[in-house]
Amino acid sequence: MDLIEKSKKYLWLPFTQMKDYDENPLIIESGEGIKVKDIHGKEYYDAFSSVWLNVHGHRKKELNDAIKKQLDQIAHSTLLGMTNVPATELAEKLVEISPKSLTRVFYSDSGAEAMEIALKMAYQYWQNIGKTKKQKFIAIKNGYHGDTIGAVSVGAIDLFHQVYGPLMFESYKIPVPYVYRHPSENAEICRDECLHELEQLLKEKHEEIAALSIESMMQGAGGMILMPEGYLSGVRELCTKYDVLMIVDEVATGFGRTGKMFACEHEGVEPDLMAAGKGITGGYLPVAVTFTTEKIYEAFYDDFQKFKTFFHGHSYTGNQLGCAVALENLRLFERDDLVNQVAEKSEYVKELLEELKELPHVGDIRQLGFMCGIELVLNKETKEPFPFEQRVGYKTSLKMRELGLLTRPMGDVLVFMPPLVSTKEELKEMLKIYKQAILEVPVKEAEYFAGANA
Ligand SMILES: *Cc1c(COP(=O)(O)O)cnc(C)c1O
C-alpha cells in the first residue's frame, strides 16, 4: 500500500471532513525555510505557518541544534512537585517579555489547555478568597479558544461549537465589534456599542462573574476580525471597574505575530491571566503557557490542608525538549530583532494587500502585523456572502495549493499568516499566488451562482 492509501485507510485528521481529504490528499515530507515539500517533491509556500505556528522557517539550524543538545541531557522529567533546567530558565524569560502585571507561568501542551487552565484558575481564585458566588464567565461571540470542553464553553463559533451545546457550561456572550458587518460601518460607533453592551451586563451580573475571556486584538478562527482601536483597553477598564478577571488569549497573536511581542501591547493592556502557545517554540514542539499575576498566585499559596492547591497538570507539562527549543526561539527573536522586523515588513504587506482589495469579490481585508484575513463576498456593494454550500474559500485555497502555496481558510475568509522571517520578496511572491487564485475561483463561482439562479 502506498503512503497516500495508508493515510486514507488509517488516519482521522483534526477539523477535517475526511471525505474532503480523500478527494484531495496531501502528505508533507520535509521543509526548508518558509517552504514545505510533499512526498511527490512538489513545493509549497507555508503561507499559514503550518496553522499559525512557524516563526523562523522550517529546519532552522539553531532550533534543531537546541533540541539535539537537550536530548544529550534528558528528554523529559516531570514538573509535578519538581522542575527542570530549561523549564525554569524559560519561565524567567517569559516573565521578562510579557506584560509587567504577569509574573508567573504555568505550562501545558496546547493553546486549548492554556485557556482551560486560565478558566480554572480564575474560577478557583474567587473560591479561594471566599467570593464563592463568582462562578460564571463572559465570552465574546464568534470567539475561539481551542477545542477542549472548557475552551469550547467560552468559544462561540456556531459551526464548531453548536453540536456540543449540552456538554458545555453556560457563559454570557457579548457581541464582537465586527466593523465591516456593523450597520454603521464606523469603527468608533461599533466599538462603543459593544462596550456599552458589556457594561450593561457587568452592571447587572458582576457579582456572579469570575472572568471575561477574549482573544487579543484580533479574533483568529472566527474569521480574522480586527477589533477597533480602543476596544481591548475599553474591555480592560470595564473588567477592572466591575472586579472581573480579564483572560486574554494570545495563542494566535502572541510571539511577534502582530508586530508586538504580545498583541495586548498595542493598547497597553495588562491582563490578569494570559494564554499563549503556537509560536512559543517557533512551531517546533507542543508547549503552551498560562501567565498570571502575583495576586492570583498568592490566593493559591497556603498550607496544604487549606485545599487551595491548583489541582491541574499534564504528563508532559514543562517538557525539556520543548522548553529548550522555546528558549532558543526567544534568543533568535532578540538576536534578529524579529518583532520590529515584523512591524516594519507589515507596512509592506499592507501595500500589497491594498492591491488585492481592488480585486472582484474581495469585500474586506483585515490585517494586524503578519496576521491577515481576506474576506470574499458574492457582491462587494451589498456585502452579500457567497452561499455557504458553494465553499468558495475552500476552493480558492485548493487552487492556491495547486499553485504551490498552503493556507486554510475560515469559511470565505482567506488566511495569510506567513512565517515571521518571510522576506519582502517571499511576501510578494506569496501574495501573487493569492491574487491569481482570487482572480480565478471566486469569479468563476459568481458566474456559476448567477447561472444557477437565472
Ligand atoms: C489555536 C488557538 C487556540 C488553541 O490552541 P491549540 O494549541 O490548537 O489547542 C486557542 N486560542 C486561539 C486564539 C487560537 O488561535
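Cβ atoms here come from the backbone N, Cα and C positions, even for glycine.
Automatic prediction, not curation, is the source of TrEMBL annotations.
Pyridoxal 5'-phosphate is bound by Gly111, Ala112, His314, Ser315 in TrEMBL, and the record lists one more residue there from Asp158, Asp249, Asp364, which is Asp249. The Cβ neighbour count for Ala112 (pyridoxal 5'-phosphate binding site), using a 10 Å radius over every protein chain in view, is 23. Its Cβ taken as reference, Lys278 (substrate binding site) is surrounded by 28 other Cβ atoms within 10 Å in the chains shown. In space, Lys278 is the closest of the binding-site residues Tyr144, Lys278, Arg408 to His314 (pyridoxal 5'-phosphate binding site), judged by Cα positions. Comparing Tyr144 (substrate binding site) with Asp249 (pyridoxal 5'-phosphate binding site), their Cα atoms are 9 Å apart once rounded. Among the binding-site residues Gly111, Asp249, Ser315, the residues whose Cβ lies under 6 Å from any atom of ligand 1 are, in sequence order, Gly111, Asp249.
Residue environment of Tyr144 (substrate binding site) contains 27 other Cβ atoms, counted within 10 Å of its Cβ in all protein chains. Following the DSSP three-state reduction, the secondary structure of Gly313 (substrate binding site) is coil. In this structure, Asp249 (pyridoxal 5'-phosphate binding site) is part of a beta strand by DSSP.
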